[in-house]
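Input: a single structure, listed below in structure tokens.
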Amino acid sequence: MTDERTTTLAGPAHETKKSPPNKGHEAHGRGALPMDVITLQQLGIPETSIKHGLTTMESDRWIVSVEPTQVTLVDLQNQAQVTRRPIKAEAAIMNPATNILALRSGKMIQMFNLDTKSKLKSHDVDSPIVYWKWTSATNLALVTAASVYHWSSEGTSAPVKMFERHATIGANTQIINYQVSPDQKWCLLGGISAGAGGGVNGNMQLYSADKKVSQPLQGHAGAFCMVNLPGRDDPAQLLVFHEKKVDDPGHKLFVMEVGRDPSKGAPHRLPPTAIPVPAEAASDFPVSMVIDAKDDVAFLLSKMGFVYMFDIPSGKTMFRTRITQETVFVTCAQESTGAIFGITVRSGKVLRIGLNGPNLVPYIVNTLRDTDLAIKVAGRLGLPGAEHLYTQEFERLIGSGQVKEAAALVAGSGTALRTPETIARFQQIPAQPGAPQPVFQYFSTLLENGKLNEQESIELAKPVLQQGRPQLMEKWLKDDKLACSEQLGDLIMPVDTAMALSVYLRSNCHPKAIQCFVQRGEYDKIVPYSTSVGYTMDYSSMLSQLLFSNPQGALDLAKGLVSAEGGPLIDIQATAEAFLSSNRVQETTAFLLEALKDNKEEHAYLQTKLLEINLIGGAPQVADAIMQNGILTHYDRAHIGKLCERAGMWQRAAEHYSDINDIKRVFKNSHQMNPEFVVTYFGKLNREQSIALLKDMMSRGPSNMQVCVEVAKKYHEELGADELVKVFENAKATEGLYYFLGAIVNFSEDAVVHFKYIQSACMLGQFKEAERVCRDSNIYNAEEVKTYLKNAKLPDPRPLIHVCDRYDFVDELTEYLYLNSLLQYVEVYVTKVSPTKTPQVVGKLFDLGANEDFTKRILMAVGTACPVEDMVEIAETRNRLRMLQPWLEARVATGSTEPGTHNALGKIYIQMNKDPKAFLTNNMFYEPKVLGPFCESLDPSLAFVAYKKGAGECDDELVKISFTHGLYRDLARYLVERQDLELWSKVLTKEEPAEGEAEPDAEKEGQRRQLIDQVVEWALPESESADEVSCTVKAFMAADLPGELITLLERIILQGSDFSDNKNLQNLLILTAIRADHTRVAGYIDQLDNFDAKDIALICVSESHMLYEEGYSIYVKFAKPEFTVDKDEQVEMQVLAIGVLVDYMKDLDRAKGFANQVDEKPVWSKLGCSQLEEKMAAEAITSFINAEDPSEYVKVCAEANEAEIYTELIPFLKMARKSLQENLLDTELIYAYAKIGNLTDLEVFVNGPNVANIQTVGDRLFSESLFNAAKILFKSINNNSKLALCHIHLEEYREAVTAATQANNVSTWKQVCFACLKAEEFRLAATCGLEVIKYPDHVDDVVTHYSDLGYFDHLVSLFEQGLGLEDAHIGIFTELGVLYTKHVPEKVMEHCKVFFSKLNVSKVVRACERARLWSPSVYLYMADKQADSAVKVMTEHASAFDNDQFLDAIVKVRNGEIMYKAVNFYLTMHPMLFTRLMEVLEELVDHSRVVNQLRRTGDWALQIGQTYLKAVQKDNLSAVNEALNELYIEDEDYESLKKSIDKFQNFNMIALASKLATHELLEFRRISAYVYRCNKKWSQSIDLSKGDRMWKDCIDTANESCDEEIIENLLRFFCETSEKECFCAALYTCFAHVRPDVAIELGWLNGYQHFVMPFIIQNMRRTADRLKELEDRTKPPAEEGNQDQIAATYSQLGGMGNGMLMLENGGGMGMPAPQMGGGIDMSGFAGAQAMPQGMPGMQMNGGMMPPGGMQMNGGMMPPQGM
């Protein structure tokens, strides 16, 4: 409901059918504008989903509808785009602000973010939700049968309980509304319930969250809103609700404030007002209330489609009407426009209801006759229609002296009374004694209510500023109470420049704002401001004036100009030269720094000059700072380097030089440079330059030594350590080399660096440092260092010791120390440096023939630190082993357990025969693998003892020595005791014959046989350990010796031993026989009783052995009571026995005999299963019956069905039903009865108790065409759909229709319909068809079926009957229209007109176009607002054209190109109607384009369009003007042409003048001259007029030109042609522009004294007047006013009016350049060129004033000065 506001929603926008005006408050088109936006059914949403709870609309962004299998989302802000998501839910609701969708299914509620496609949160509620609603962008309200909850969409919190539902709004109440106040402290829950007499009661519950209390209200709808009330600063939170008490037929509206702080005053409350409910709506009740927060209006919608509009501040009803015959079940507000949306139930029309602003106030005045309400509404909403009321009331109040009330009225009138006349009225009212001026009261009232307009602000400012109270103006401006304008700024300017600047800025008065900046000295703000507002001005002139009067201001301005966005606004070089010409070096530097901050290459020259002027001008520190910052990089570095060197800035000079000679020269002063700089500087040089510079610095003595060392340290990687070493060595700087290498040696990986460092350290006596590097470094060349140190013969050999120790030069070290008599260092080396190298040292001493005592002393000194293995090896190789005996025994005495020590002692003892067997047996630390081989050559038995001591480590050696020396019995005993299967495998496994040999080695086989015999005869019988026996048996098994194993086991078990009854051995004997000799198995089974029967039997019947009889015998034997006592185990054995018969032997007859013999139910079951697997279904059924086992009923039923033995199956099923209650049993029993045709028993069984799946078996029988049996089943379960199909197959059509009626299912209706149609039962088919076409999705199927059978008349009749259905939908009307286009075309137009609102327009249009019914197509397009398509049809098909309809459509098209196509269409087909078309399109088309179309069509088209062209010439378009001018010329209508040129000059005037210059008619040639004259082509105009002797035109043109030369030429022409009168007239007319000497001369020469005399007289009179005026002006001033006149004179100089610079565009004062009497030479700045144009007014002329001096012309420079 908006004042003609439009909506962004897509879709057809039709006005709803208007009900006739009612009395009182009701009339369409007055207070509100209802409009259909879209229809949900047209978007594919079924009507069953368009109802309360399934379709929601929380805002004007989304409509959400829940369908059975999906959720449909309609995006109202995206052309009503429909999105369908396959979601099953009971309800869905979209967040009003974000794309968060809440879903509800049962007790589960979830929130999903559609943008991120993620689930935000979910929750299971305790009780079902009966209503829900988003109360804000983050809160979802949930209403259950007992409580109300709030659930936040943020975080992970669960719903929070707010309050319990009141008893008056209990579980029997349907909740239809829930509202939360803006401050979230008040809640309103509303619902309806059935009342007495069929009425509907409404109850609401108002809950206070702060007080935790509820108040019941009797009413149907309510809402909260925030309203600004007159006379209050704080907004009021109002509750607006409807009240209807049960015992009172009246409806009332309540407006009251809730939640106000009592300290601020009493809450606002209006008396209840009656709601005017019409008489025909006595039983009606409201369903929703929506607040238009923009206009403070409340809308109340009722169930019967009435809408009531209330003014909230007054509580009055402003409007009432009925907008629809259907119920609007969901509503929401559109905050941006104030309109509301509503959706009608089932039909799904989305209505948009808005305030009709232009008509509301007149409606209130004329219909409601409530003047007070009209004034308040018009003032508050700014609506038209109450102007005369305001005027009358204002006059009445003024007349009665009520000034304050009159002011309040004006303030509340919007703009109606706020005019200058009103201000004047208040100014004219005399003030009352003691009271303020009426005009001040007026302005005060306006300020309290809002903002003043421009005129009011100016009028208020005048007296306030006169009273000297600018602070009031400042306060009002700060509060935005005044409308800023240039005039207001001018008033404030003399009082407060800052305030005036604020006003100018707000009013966009750019020149005045810039003047304020200048006056305030804020020059740096001028350029940013001008750039931001797009204002251009003459900056050069301003800069010229400021340069000498305010250099700092000029600098600030210049900085802003060069830093402006888009590039500098002045020439940088010229401006810098101007600064420098005034000897302003500091300002020049500051300016250039700002201008060159971008560091562009094209500014290289300026960068050089900037540094040069500071280096030469005495400010080298400035240049140094500039270079230090590094902001300039493109200057001439060589030149600046020389200047820096000249200024003694050595470091800067070095930075700028690149030639090494220059650098060397500068570095002669390196002692004056910062060492850090020197070091850093070398990083900028290349390798060759750095080396050369270092050499140069080193050559100048030790003063540079330290810095050179630092350079070498930092850049050794880049320069190379080798080169640096050479530099230091060449300079003989050993100390420098030492310090340099000492800094890098710890990180360097260069061997030379390490060697040179060691060398320099030794040369300087730094032996500890040399020792450290020799000890820690891994980089140096050991051979080179060793050689150097040996040759150096240092007094301290420790560096050499470390080198030789690390790189294994022990022999050389020992020799060096021994030969140089440094034996103490030998002992020190082996004891403290490297004890592990003792064997090598001792070995070398042995070789050098050293004293043995010294050697022994060394060994004893080293002790246990010496590696014994190496020492023993060295001693053995030199045959000195016995010499080690004391040392070895000493190690053993200290508790050494090293194997090497004990090995060495063992060898010594064995050699010495010092009780070796005892040593080998008792010593625990020697290595058998070492002493065993040592003993083999001496004594094999000692070797066996040593190997046996290895505990398995020397088994291979032990076996080998045993076989070699015949120790079989010892080996057999060892093997039995070891219990090592791997070792057994080595000695028992036969070796494969070698390649090329047929038989294995006989000797090895004999050794193996001897060993086995020793085991069987001696070793195993001697053993009493079960583990040893078991391991030996396993070894024989693993060695694959079954014969030997059987012999062994028979000796143990059958011949009597302690292990005869061992179950494992019996199992092993049988298993071995099964594997090796199965002929013995049966005998063992009979002889042995203590074995695992089940396991052995399983092995017997396995696939690898297949000893089925033996297995069967085991089961039968152990099934006897003497072997198995437990009855269940006996039965188990019997089942296993019959299992062997049926599973392995496949002897079912023998099995059946066995079953009869034992007669056990499990045995019968096993037999039955086997028979079932062998497809012996009948025998299996018998076996299962004997076993009373129904467990396999599934397989039995399947096999019986496959064999079709239903008679035999029935007894089994009856037996099974005794113990099982399974669905399948009852189902198969029913099926069996049906298959054998026993319908009687079938019906009895079905009607009795059963758990059969009737539906499944019924479908099965139906698919097998057993329709009679299926009919019984479907009837029993009331499956009328399938029952109807059974009747169809039995050709019982009436019964089928009856069943379909009971089923009431669309698919059933459809099948029955098609069957009846096929049987030509048309009446029954129509009955069913009417039920089918109720469903839109099935309409096409009905049409297709009827059409395929050719029953078109019956089809049309069916849909015509469908029109009368109560729930006839859009598809029926649409499809009937399509059928009419095909079969009854004469009814199409009538059908479209009558039922247009119920048609799918696009589908019917397509059908009409296929049937070439163009007139109905046009009608549908027009009715559907598709004007583009309607125009297209009418232009393409002549039969559809109708001029009035075409004109109505063409103005509504959306594609503008269609209008131009329509122009061509009319020119081609209907040229006589073209003018009428263009009258309609005048405001919509591009007239230039239309003119081009007319030209392309032909000249006749322009003639036809002349009327149109005249009508649109008011727009002054060049194309229109030129076309009309051409027509006027063609028609020789010079008067019209003259008028056209005078009024409309937007065309090529020169071309027209050229064209008319040769026209045969005089008037057109005069027009040509006139055109030339208008375009200031004076000569052409005068020449044309001369040719036609139009002397007056010549004179007027010359006078207008103001050109003396043209006028004088014309005078001479008149003299030459003797036109005396014209000569006199020209002098008179052009008097102001004729030089007197020329006029007198021409008059004298041609004898025109009489004709020139009037000119002379007038000229003399003017000269006299001017002389008199000059005398008056130059008369000396009076003494007392002298100073004021002088001040005034100076104030007018240089464009300085009112103390401010003249800042408008244009020239300024010409300013001479000052003399450059000395200072810096700036000749290089501009070269030989003149001053650029970027600095007008500043001209260089050798330092002198320019010619002409300074000429004043009203404060401005004359044009010549620019």
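The backbone N, Cα and C atoms fix where each Cβ goes, glycine too.
Per TrEMBL, compositional bias 'Basic and acidic residues' is recorded for 14-29.
Here the domain 'Clathrin heavy chain linker core motif' (359-380) has, by DSSP, the following mix of helix, strand and coil residues: 20 helix, 0 strand, 2 coil. According to TrEMBL, the feature domain 'Clathrin heavy chain linker core motif' maps to 359-380.
The region 'Disordered' feature in TrEMBL is assigned to 1-30.
Annotated repeat 'CHCR' per TrEMBL: 563-710 (among others), in sequence order.
In the predicted structure, the repeat 'CHCR' (712-854) carries a mean pLDDT of 81. The annotation repeat 'CHCR' is assigned in TrEMBL to 712-854 (among others).
Summarising the annotation, TrEMBL assigns repeat 'CHCR' to 859-1000 (among others). Across the repeat 'CHCR' (859-1000), the DSSP tally of helix, strand and coil residues reads 99 helix, 0 strand, 43 coil.
Among the features that TrEMBL reports, repeat 'CHCR' is placed at 1020-1180 (among others).
Summarising the annotation, TrEMBL assigns repeat 'CHCR' to 1184-1325 (among others).
Annotation comment: TrEMBL describes 1330-1475 (among others) as repeat 'CHCR'.
Per TrEMBL, the feature repeat 'CHCR' maps to 1478-1623 (among others).
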For the repeat 'CHCR' (1330-1475), residues assigned helix / strand / coil by DSSP: 114 helix, 0 strand, 32 coil
What does the DSSP secondary structure composition of the repeat 'CHCR' (563-710) look like, as residue counts for helix, strand and coil? 106 helix, 0 strand, 42 coil
From the DSSP assignment alone, can you count helix, strand and coil residues within the repeat 'CHCR' (712-854)? 110 helix, 0 strand, 33 coil
